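Structure, as structure tokens:
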């Protein structure tokens, strides 16, 4: 099940990347790169930080074709996509959670300390979007938006706590998805945000 | 021969990096860093993604001295360089092709799947310029320009197809250079571009 | 002693990152990420480039807690911090030197050539700040400021020369700190800068 959700998730992320590329008037090569980076960049950075080689997608050419196709298809479908806004928000939330759990599992399998496991989950969940925004020359939206990274953090912690208490992986995964999706959709619906830190003083 | 072209290529790339740094009024340290990153950053990212350690330039101190010298020399020669525009475009095209073929060879030697081999060639060819543009705080020009990344893609595919058909490496390299250079110069001369994707709708 | 200075240094760097995040009105999650990246990003890039796994902070969860706490605390203390400007400049200079020496030691321990050892020191010293500026969508200040990267370079070279002449590590470390701190504070006091390269011509 996690694999199915993962494939849906990287497709949705690739499409979000393609739209961001379109906002910068990129050519279709740029669209393909940004789609790829948005969908698979978080896992790439996680693997590079953990020293986990070979990196996931290099062993799954089908993932590469999937995200590039999704990105290019988006250039055709873009005009209809805003009608599906709610669908995308749900898919994106599912993706965030799937990425987070997969990231935790990779770091757990390599024996890293708990806080690094949580960070591996969060890197997988959010750094695709960070790379997308850096390549599109804007401040990463994930550092300013409604609860998003926090959902990843909450899901990672919940998953590890339940795991500690011996909850079987399948049940744990289901509970994490239910809780994470609820939290994310509530945050969007109610506009929950983290407190913001504004500091305008220049010292020089 | 590939080595000679490679050395010329990293020199040309370092000079292009130095000019970009000059457009941002950087100091000579910034010039050296951007020159280095433009020339050797693509190969660095390729090696980090493929898990190919030690990274190439760490074993070739002479490459490091070469690109930093080229970058610093550019601050002196810059005023005369636009007379050599055509020379630079040819050197840059040769570099793009040399980088692409070297990237393919590295990934082939590590047994990666074909699509990853092509991506390794393209990362080597274009990500130096992407890093340069990110550090200079602009949207990477390679995602918007006339055919450039596409030339890298075409060269990688041609090289792998000819290799599959048993063409010896020397002949294959020559053919790839001839085809790639022709395609790139035609693209510049005729202004060939990929179709652009523009998307201005905001969903929020 | 180096460890104590290192802990003070990453705290100071984390605070500088948090202030930069505040200038972009980030939420407290963004503040934590930028604080982390500013403090530990230089060492992370060094380890990824050298193939030095596991990366330092993954084995020291306490470092992670320290820099994130320092970043979050800064959101509360920010209004008082500009009174401590001189303290911060000194801590930042100590950090720059400590990072540089640690980076050299890591590369020396892996048997890299001398110029790579120097680059490892400089990457550790300055790339946290580069990553901070890229994520905050601005041209890295280290490429334009008064002598900063140059201090790292000078310290690395001095340290390696003294090491070559057989100066014991403790004495060498002390001398490097004294010399580096003096150079950095003189540079700030007198406004020493490297020459700048400005190039405005567009070739297209």
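The backbone N, Cα and C atoms fix where each Cβ goes, glycine too.
The domain 'Glycine transporter' annotation in TrEMBL covers A:5-78 (among others). Across the domain 'Glycine transporter' (A:5-78), the DSSP tally of helix, strand and coil residues reads 64 helix, 1 strand, 9 coil.
Per TrEMBL, domain 'Glycine transporter' is recorded for A:90-163 (among others).
Same-chain residues lying 6+ beyond the ends of the transmembrane segment (A:30-51) with a Cβ under 8 Å from its Cβ atoms: 10-11, 13-18, 20-22, 24, 57, 63-64, 67-68, 70-72, 74-75, 99, 102-103, 106-107, 110, 112, 116, 120, 123-129, 131-132, 135-136. Per TrEMBL, the feature transmembrane segment maps to A:30-51 (among others).
Taken from TrEMBL, the feature transmembrane segment covers A:63-81 (among others). Outside the transmembrane segment (A:63-81), and at least 6 residues removed from its termini, the chain residues within Cβ reach (under 8 Å) are 7, 10-11, 13-15, 17-19, 21-22, 28, 31-32, 34-36, 39-40, 56-57, 88.
The transmembrane segment annotation in TrEMBL covers A:87-108 (among others).
Annotation source TrEMBL lists transmembrane segment at A:115-135 (among others).
What TrEMBL lists as transmembrane segment is A:147-162 (among others). With a cut-off of 8 Å between Cβ atoms, the residues of this chain six or more beyond the transmembrane segment (A:147-162) that come close are 93, 96-97, 99-101, 103-104, 114, 117-118, 121-122, 125-126, 171-173, 175-176, 179-180, 183-184, 187, 192-194.
For A:174-192 (among others), the entry in TrEMBL reads transmembrane segment.
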Hey, which bits of the same chain come close to the transmembrane segment (A:115-135), Cβ under 8 Å, at least six residues off its ends? 13, 16-17, 20, 33-34, 37-43, 45-46, 49-50, 96-97, 99-104, 106-108, 141-142, 148-149, 152-153, 155-157, 159-160
Within the domain 'Glycine transporter' (A:90-163), count helix residues (DSSP H, G, I), strand residues (E, B) and coil residues, in that order. 60 helix, 1 strand, 13 coil
